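Student: Among the features that TrEMBL reports, compositional bias 'Polar residues' is placed at 1-10. Residues or ranges marked as region 'Disordered' in TrEMBL: 1-129. According to TrEMBL, the compositional bias 'Basic residues' annotation covers 16-25. What TrEMBL lists as compositional bias 'Acidic residues' is 44-55, 64-93. The annotation compositional bias 'Basic and acidic residues' is assigned in TrEMBL to 102-122. Per TrEMBL, the feature domain 'BOP1 N-terminal' maps to 141-399. Residues or ranges marked as repeat 'WD' by TrEMBL: 406-447, 712-744.
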Amino acid sequence: MEESSSNVLSSEKPGKMKRTKKRSKGKEEEQEEQVFNFNKPADEGDDDDLSDSEDSVYSGLEDSGSDSEEGEEEEEEEESHGDDGEDEDDAEGEQSQQLQTEVKKKGSEGEEEKKADEYEHDSSDEEDIRNTVGNIPMEWYKDFPHIGYDLDGKKIYKPIRNKDELDDFLDKMENPDYWRTVHDKQTESDIVLSDEQVELVKRLQRGQFGDVNFNEYQPSVEFFSNEVMLHPVTNRPADKRSFIPSLTEKEKVSKLVHAIKMGWIKPRRVEDDSRGRYYDLWATEDSSILAQHKMHLPAPKIPLPGHQESYNPPPEYLFTDEERTLWEQQDPSDRKLPFVPKKFSSLRQVPAFPRFIHERFERCLDLYLCPRQRKMRVNVNPEDLIPKLPKPKDLQPFPTTQSLVYRGHSSLVRSISVSPSGQWLASGSDDGSVRFWEVCSSRCMKTVQVGGAVKSIAWNPNPSVCLIAVALDTVVLILSPSLADKQVVLASERLLAGQQEEEPSEGAGPVWSEAEGEELNQGIRLKIQHPKAIHQVAWHAKGDYLASVMPDHSSHLQVFIHQLSRRRSQNPFRKNKGLVQCVSFHPVRPYFFVATQRSVRIYNLVKQEMTKKLQANSKWISSMAVHPGGDHVICGSYDCRLSWFDLDLSTKPYKMLRHHKKAVRGVAYHRSYPLFASASDDGSVIVCHGTVYNDLLQNPLIVPVKVLRGHVITHDLGVLDVTFHPTQPWIFSSGADATIRLFT
């Protein structure tokens, strides 16, 4: 046996030796290639590597092969040469290597087939879940470097750099697939939707079904039809419980019986229908859900019909012929009844009500158009609402009684003015005369006939001169009444003796001229001829400047300022800013007040610009007066209002007084006392106390103290002008009854 085996092995030796030599040569060449081929990438070698499982399978084959070869070689070494054993070992190693590569190729091909088959018909979305955290808010991971865990339990790290707004904008501009890119919060990656996915999203947005082939209008299968079927839908036998009395029902019935016995539940009484039923129509009106609301306001009820609406009313409710004609002449809204009461002998003869639909429609309008609101009643003491004002006794002195009446004019007295000394009073009337009165005795000292209705009169406020400006028609007259000592009269003459300056004429400007003859003897010194009718004249505090007003919409020549010493006139305004009513100079500063119909403009004469515009909130301003301090203005208006303006506070009135019943004609401030007054067409003069404080944070105190009456209303005109005495708390008023009255 040993000999035969040795022969067999020896016969195999030459082939094995040749194979092992080739194999060893091949191995050496491969090693040389691996050593010297630097350009070959490392990945190529990895492709030929076997997996762990493959190594474990085929390493057993190698080990078993090498063991058997070693045993055979030991036997052969005992009998034959040692070199031949080594050649056989190499040959057998080459055979096992070839077998291994073949198995390896077959195994890799089988694995590829397996992988392809495994995912070919897979429809589950769960297989593609890369982040296994589940359906949780991804904000929980905002403070961690990772965003979840993959299928192997390893952390999925966030991308190193997130896109900022600039990157996003550039991507939006440059990337054509930006509009179809969706950000996946679970993996922090951007996914580009395919055309099929975009089409699916569009279909869902349009409210269509996701499946294109789904027919939403396919006929439904009717399980129950109108045809009677032979066999029932279900033929299940009845339950046992349907034959046994219910225990729960028995328990409920026993409880109800016990409650009835104890008197907790009273059984329904059988109502007797023999008496007849009476229904309250309005009982269930407020039983709606809205009526249960706490703030619900029920609609007011319609008044129930009275005797007038009866088909057989008592005779005193029927109209007479006079009442019927009066009812027909009245406006429908003024009628007491919307219908004429009629009498019928029986109910059968009553026709249909002709205003039925109209009345129902009006009721519907009342229900949904008339607002109903719940007013929370506040318990307030009425005395608390009255402002705490000081008593008039504490605010004396002020004029209270009529002392003197100056009679002599034959027509209404439009304007009065008191001399700076307070000794003389000048008045101008529509009878064409200017009268000078002594204040204390009411004696007329002098009468000057000017030949026209006097619209305005103003005494020069400078005590060193004695001059009066009188406005009538289109002329302003400068009078020197000579009611003062010689020094004052001479100073007045010197002021009027100034030479007229040669100026380029501004078209239709005022013309200065001196009085002559009889006018000179009466005291008229100068005439200033104007292009239009004059309504008012006003002096500057220093007595050299005089302003005249000519209201006219069509022209900008409404105000002229005249200088007596140089005999020159100028128009301060280039444009027409509205219909000028009256003007006034500021008592201290170089400001000029111009009152138009709706507003008062204040101009700075030095800078030649408008500094403020006061909104009077009245329809038509009639008169204006400036406080001696210069920071307050009062305006009277034809719509019965008096507005007090605080120039430091606002351009809107600080106080609106509506004490008069008719148009306010004149307003005035006292020079030294905290008093102001207003005269109205209702025949009254209202004197008010108006304290102006030096503290700018404290508002003026305005208290009405006295209503003075005495003038008789003539031709719907009452008191036309009012002015205070310069030193005493006295007031003068002139009226349409051709009298002047002094109240002290």
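Cβ atoms are placed via backbone N, Cα and C, with glycine included.
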Student: Could you give me three numbers for the repeat 'WD' (712-744), the DSSP helix, strand and coil residue counts?
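Tutor: Each residue of the repeat 'WD' (712-744) counted once, the result is 0 helix, 18 strand, 15 coil.
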Student: Treating G and I as helix alongside H, and B as strand alongside E, what does DSSP give for the repeat 'WD' (406-447) in helix, strand and coil?
Tutor: 0 helix, 25 strand, 17 coil
Student: Could you tell me the mean pLDDT the prediction assigns to the domain 'BOP1 N-terminal' (141-399)?
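Tutor: Here the predicted model's pLDDT, averaged over the domain 'BOP1 N-terminal' (141-399), is 85.
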